[in-house]
Amino acid sequence: MWLKPEEVLLKNALKLWLMERSNEYFVLQRRRGYGEEGGGGLTGLLVGTLDSVLDSTAKVAPFRILHQTPDSQVYLSIACGANREEITKHWDWLEQNIMKTLSVFDSNEDITNFVQGKIRGLIAEEGKQSFAKEDDPEKFREALLKFEKSFGLPEQEKLVTYYSCSYWRGRVPCQGWLYLSTNFLSFYSFLLGSEIKLIISWDAISKLEKTSTVILTESIHVCSQGENHYFSMFLHINETYLLMEQLANYAIKRLFDKETFDNDPVLDDPLQITKRGLEYRAHSEQFKAFFRLPKEETLKEVHECFLWVPFSHFSSHGKMCISENYICFASQDGNLCSVIIPLREVLAIDKTDDSNRSVIISIKGKTAFRFSELKDFEQLVAKLRLKCRAASTQDDVSTEVAVSSDSTGPSENFEEQPLTCPKECSKTVNTEALMTVFHPQNLENLDSKMLKEKMKEQSWNILFSECGRGVSMFRTKKTRDLVVRGIPETLRGELWMLFSGAVNDMATNPGYYAEVVEQSLGTSNLATEEIERDLRRSLPEHPAFQSDTGISALRRVLTAYAYRNPKIGYCQAMNILTSVLLLYAKEEEAFWLLVAVCERMLPDYFNRRIIGALVDQAVFEELIRDHLPQLTDHMTDMTFFSSVSLSWFLTLFISVLPIESAVNVVDCFFYDGIKAILQLGLAILDYNLDKLLTCKDDAEAVTALNRFFDNVINKDSPLPSNVQQGSNISNEKSDHTKVDITDLIKESNEKYGSIRYEDIHSMRCRNRLYVIQTLEETTKQNVLRVVSQDVKMSLQELDELYVIFKKELFISCYWYLSCPGLKHHDPSLPYLEQYQIDCQQFRVLYHLLSPWAHSANRDSLALWTFRLLDENSDCLINFKEFSSAIDIMYNGSFTDKLKLLFKLHIPPAYTEVMSKTSSKGDELSTEELLYFSQLQVSKPADEKETESGRNSPEKGKGKIDIQAYLSQWQDELLKKEETIKDLPRMNQSQFIQFSKTLYNLFHEDPEEESLYQAIAIVTNLLLRMEEVGRKLHSPASSASTARDSGPSEGNAESSVKKDLPSPREEHQWSFAFEQILASLLNEPALVRFFERPLDLKAKLENAKSSQLRSRTKM
């Protein structure tokens, strides 16, 4: 390919390159060692190693062409090639098209300029063609073949992209290729005969970060299952890192965090994920977050342009971003100017006749925006006019909007149980903010605080006259300055709606709230019970929430939201936040503000595991380490900051600050998002730094911070003294220094305003991996603690078994959209019920781990074991059930193992298994396995009732049934007390299958012959005992019974079939477990076989290394 001309010193180059062809102006060279017999000897080997380590282009392109001029030692590299054919093509083109022209130039300088210009033109032409494709299909196809050949992953594994880089093995960099696929990060290197192959699943990564050290200038650090991996020498390290970050977060959300995993068309199907799709999604998410747009919006186009700012009389340079329903602009010249134009507000789009390629967008309210220097502005104007027509048609047609798709009716949590609504449960929606109702402004008696409030209002009115008012107002640095000073009481609700983007949600969903209120009131479920419990705990000191008006409004908003979003339902702290929203916003506005906070501004905060809040706590700790290192040196345990700051994040400081100060924090939050909360948290710690450094323990530090919060005041607050929380305290504690909230917020902006949104987003992504993996580790430790009490395995063996169990669940879900394991995964369930496997997954694990997996009927054994363990017949088993079977196989006594085998051959475990494909022998297809695993054994009615009660009390996700828990616990205790006398008898067909299984288990055993003889003796002994028993119980029929003849000890299995009675007499034949046990104990060979110690540790190690391989083979 053609290269951008760069200087090369030929004197040094000749040591590593050999000349192939040359003429007056060009030289064709070949890299030493390439294309030579024996690889060019030692020199070729060293050059090849150097290329690999330094990631030289020569490693993949060992040919190049240089442009030379006479009497000069400086040459220009202009082309390179992967093979002789490619470079010869370039050489021929130069001779045919360039050489003839060069003779007309007089000076060497003109020749060089001409060649450089020609080559740059060729590169630009190639760039235009390849940009449309983004990736070279030929190269990608070649990389895909290498990926499949090197790692042998299933063909469904989708390669997203690949990069050349170095992997550090100790202190040695190994040059190779990094492949990023949907489920794995893979690296391959082959250097000097040494092969390195690394496969890391995204779901196993707990840390992913860019690092810099003395040796590694820039590298990507990956931590997986306690092992650290470093990759460096990337051509585009930022692009690589962002893509890795997206893939890791996608896997984590999909597999661990189904609760918050949104269906996304870009990520819905793991087989359709592409590099371009991921980049598009990342830009779209960033766009929505920056402009606070509804989550349904997607970024369609981006255009560089200038926007005329009328009040400043200059054009601001920035980017115009267009989505389905919005035109947005953000400056890039440091003016902090941004504009959001909803298409529903647009009246006309015109283009000017001047040469500036300008577009004028006129909106309602007699405002116009002028965008200039737009490329392809003719096409852009046509597209925008089309969008505006579509938007206006939509507005005309739909005046009523149904419940949106993400809240289709009540969830399974909502049982439609009519309630006798109390008096306060009125459906009348408040049309005024509670502050307006309970604290109307007295315009006649204006005190100093009210005068300041009026001055604030005047400042905002001046801003509105300059920048406009409403959704499409200009947002500038002046806007932020006014927000920091505190929004006036009368404008607070309006501006919260504006800055949060809730105004757009409400405008596009008219009538939605009233409909949801109507549908949700009168329902009863766990969420509504929790809401009722917390209603009177929400700002109890405020008069608005001491009356039915405020309480009813709060109930309606919270219940409506729980109905809209059953994934979240209701979470503690939502009541405190909503009560403050209701003070300043109308009821419907408060609902949409809550939607904006829970679903966009604080994602994943208000779910069962408050993952979002935990992630932001980790981000806060990271910022403390960066900005307040002396505090982290003093406070060795960083968990203190986590415990203290949780309420700060969940309630936006409302729970720790007096209400009159907290609302100023909420002002900043709606304008700046989580950045404002993090900055304020740092400012508070910085303000109290000296006190915190003298604290000896956590309790002392908490007391110091609480005392500080008690003395935060808002001296300009116009709220009456009976409402202000700070005023009462300030009288009692006058000896402590008062801190004004406005000064504190200003200080937080001055000191920590340099923290960027992009950095916070990156820290959130990075810490999300760590937080979720920590939660998963907690789940694992709790499961192991419970299970370890019932098994003989060591904790280490149990730990490894759990990892394999969970890994198999994930591997089987990697390439499928609907996996039963993921479908039933619910982090809110008890730890043991969170991860469960189906019969197909159990079969794979049985083949990997069972000491009986060598048996010819291993699929049948796996099926019967699964049916035995699946006591509640939901076709899923948890880790406790799984580990109990493995423990018996490896650590059980002779009696335990025999009892397990006996149970496998009687109902409910046993079922007749016939494979449809006789050629496969006993092997069962996935469909057959699924069919047989779901077969139900008929049981008495009373037993069915008992079985149905064995399901987890929380599986319905409704109210937790304590009685069901006690019943389940009692069942487990009874199960432990089960004796061998409680086991039912085994009939003829079951006994034949039991005998066959024993024969299969003994196959290829060192004592195979003696085991066969022993089982033949036992079988015949049992038959004779049963014959005698029959004669004793049925003397009349004894004459018709054939006399026993001793079987030959050669073929015992044929003797079993010969001596057993005909099927019509089957009901008369059966064996008790005690009979079988007593007979087997008489044969030492059988006892030795079942009591032989088995190496579980080695089996686990082998399973871990071959788990993925076994999946690809099956």
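Including glycine, each Cβ sits where the backbone N, Cα and C put it.
Residues annotated as compositional bias 'Polar residues' in Swiss-Prot: 399-411. Here Swiss-Prot flags 940-957 as compositional bias 'Basic and acidic residues'. Look at Swiss-Prot and you will find 145-212 tagged as domain 'GRAM 1'. What Swiss-Prot lists as domain 'GRAM 2' is 285-353, and the listing cites sequence analysis. As annotated by Swiss-Prot, domain 'Rab-GAP TBC' applies to 486-673, with the evidence given as sequence analysis. Annotation comment: Swiss-Prot describes 857-892 as domain 'EF-hand'. Per Swiss-Prot, the feature site 'Arginine finger' maps to Arg533. The site 'Glutamine finger' annotation in Swiss-Prot covers Gln572.
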Other C-beta atoms that fall within 10 angstroms of the C-beta of Gln572 (site 'Glutamine finger'): 14
Residues that sit under 8 angstroms from Arg533 (site 'Arginine finger') by C-beta distance, when 6+ apart in the chain: none
The domain 'EF-hand' (857-892): DSSP-derived helix, strand, coil residue counts: 25 helix, 2 strand, 9 coil
Residues in the domain 'GRAM 1' (145-212) grouped by DSSP into helix, strand and remaining coil: 10 helix, 44 strand, 14 coil
DSSP-derived helix, strand and coil totals, residue by residue, for the domain 'GRAM 2' (285-353): 10 helix, 35 strand, 24 coil
Within the predicted model, mean pLDDT of the domain 'GRAM 1' (145-212): 88
